[in-house]
Amino acid sequence: MGLVGEENGVADSLGIGKNNKYKRMGSEVDDGHDDFDDDLIRYQRQLEKGKSTRRYVIACAVFASLNNVLLGYDVGVMSGAILFIQEDLKITEVQEEVLIGCLSIISLFGSLAGGRTSDAIGRKWTMGLAAVVFQAGAAVMTFAPSFEVLMVGRFLAGVGIGLGVMIAPVYIAEISPTVSRGSLTSFPEIFINLGILLGYISNYAFSGLSAHISWRVMLAVGILPSVFIGAALFIIPESPRWLVMQNRVDEARSVLLKTNEIESEVEERLAEILLAAGIGNNAEKYEEKPVWRELLSPSPALRRMLITGFGIQCFQQITGIDATVYYSPAIFKQAGIKGNSNLLAATVAVGVTKTVFILVAIILIDRLGRKPLLYISTIGMTVCLFSVGTTLAFLKEGQASITMAILSVCGNVAFFSVGIGPVCWVLTSEIFPLRLRAQAAALGAVGNRVCSGLVAMSFLSVSRAITVAGVFYTFSAISALSVVFVYTLVPETKGKSLEQIASLFEDQSVWKGDEVEMGDVEHLMQKK
């Protein structure tokens, strides 16, 4: 009786109990058990397929994010390697600023090229190209005998990083199911943080070598992640949305079947993608303007998308995160920490904090939503940046100054990782329509890299003019402005398909941050 009771409970939960009255040749009881067994088998198969699909999509997101380890590693490792490069190559302070900051400026060329490249050869092979270019740059830097050769390697590495950083979130957003897109599209930011942490650990691990050897080993280790990317290209599929743009609809359907747990939704998603790509009845409408011309003279809806996407990318960097990470040894030195080993050990704490809190964002981004995390992040960063400035301005060197500096810097990177760090990339991969997505996201990445480069290249010069404390007070004020930007110009995109999100920007009140229910989104799409 106990077994029968359990079976009936499962059957009722599946909706296959007493209402199933199929009759064959045997008794009603036998018929009921036959139907129950069939439905239970189907249910178990669906559960197994769901688990398999989730593992597959997660693996794709992980492999696509490996290029971002390269960016993070470079940011982290250069903060310590520069101490030894200075000693070995006798570079000036200006050359130090150029060497550190130029990577972000150079990477904009990779990001700009990435939009057209990914539309031409596909999202997947653009990631492979990014890895090859970075490997070449890292090899040149490792064996560089002079500052000039080091800059050549830096140029190649920057182009490779620009390609990889731009394409990873676009690819992941395009293969992810709607319900988990936010978490999965945050993976690149996780891997940036992991790269930064590995860079810090590399600094500490190889700091005992001679000045001539240590920085070369530190930079050479950065080649390793890109080796795994080559193997990943033979495992991950191409983006189904790119395949549709190439009229390879059957291949796109095959990928959607692998990346969606519920098979019945595949045709619905495919129909949305076909409509967004302009295939079929709407094709003529989309062929009227080339992509670049549409971006230069955007419709009101596209203008709203560009302001939101470009703005959030710029705010991510002009609040000073790269300066905080690159120059954290200099900040801690001013706070009173002595010795290269102690300075590098303190930066490891920053890297651990940054990596741990990005995991918090992964858990919350599809539950709490994009905007709440942005509010928490930008408000928290404003307070912590103000605290860094106050610590450096008013506390004399000593234990109190060191403790406050470490807590404030770690707090700043923690709030960054919880919100604007990952959400920035999630939003810019979500909000643009399909045929514009890669090149529009590339423009956002360009804004991000330009702002990062300007902040990193000017930090030392500006801090000499207005003090390091003054720079952090400025960052705090800019962070306060980012709170206003999020409130007025960023809509909530949680739980909506990529095609539905594009429709949000048709309505100006939605763009200004008003909450919209799913029914309203569907109404907008029908209206469109």
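Cβ from N, Cα, C; glycine included.
Here's what TrEMBL has on this protein:
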DOMAIN    60-494  domain 'Major facilitator superfamily (MFS) profile'
TRANSMEM  56-86  transmembrane segment
TRANSMEM  98-115  transmembrane segment
TRANSMEM  127-145  transmembrane segment
TRANSMEM  151-172  transmembrane segment
TRANSMEM  184-201  transmembrane segment
TRANSMEM  213-236  transmembrane segment
TRANSMEM  343-365  transmembrane segment
TRANSMEM  372-395  transmembrane segment
TRANSMEM  401-428  transmembrane segment
TRANSMEM  440-460  transmembrane segment
TRANSMEM  466-490  transmembrane segment
Next on the checklist: Which residues of the chain, 6 or more past the ends of the transmembrane segment (440-460), have a CB below 8 A from one of its CBs?
Outcome noted: 93, 96-98, 100-108, 111-112, 114-116, 162, 165-166, 169-170, 295, 305-306, 309-310, 312-314, 316-318, 320, 322-323, 326-327, 424, 428-429, 432, 471
Checklist entry - Looking only at residues six or more beyond either end of the transmembrane segment (213-236), which have a C-beta under 8 A from one in the stretch? => result 59-60, 63-64, 66-67, 69-70, 73-74, 77, 80-82, 84-85, 88, 124-125, 127-128, 130-132, 134-135, 138-139, 141-143, 160, 195, 198-199, 202-203, 206-207
Checklist outcome for this item: Per the Cβ filter (under 8 Å) with a sequence gap of at least 6 from its ends, the transmembrane segment (466-490) is approached by 304, 307-308, 311-312, 315, 318-320, 323, 330-331, 334, 370-371, 374-375, 378-379, 381-383, 385-386, 388-393, 420, 427, 459, 511-513
Checklist entry - Any contact between the transmembrane segment (98-115) and the transmembrane segment (151-172), i.e. 3 or more CB pairs below 8 Å with pairs at least 6 residues apart? => result yes
Next on the checklist: Let me spell it out: take the transmembrane segment (56-86), skip the flanking residues so only those 6+ beyond its ends count, and list any with a Cβ under 8 Å from a Cβ in it.
Outcome noted: 96, 99-100, 103, 107, 127, 130-131, 134, 150, 157, 160-161, 163-165, 167-168, 171-172, 175-177, 180, 184-185, 187-200, 202-204, 207, 211, 214-215, 218-219, 221-222, 225-226, 228-229, 232, 235-237, 258-259, 322, 325-329, 340, 344, 347, 351
Checklist entry - Do you know the mean pLDDT across the domain 'Major facilitator superfamily (MFS) profile' (60-494)? => result 83
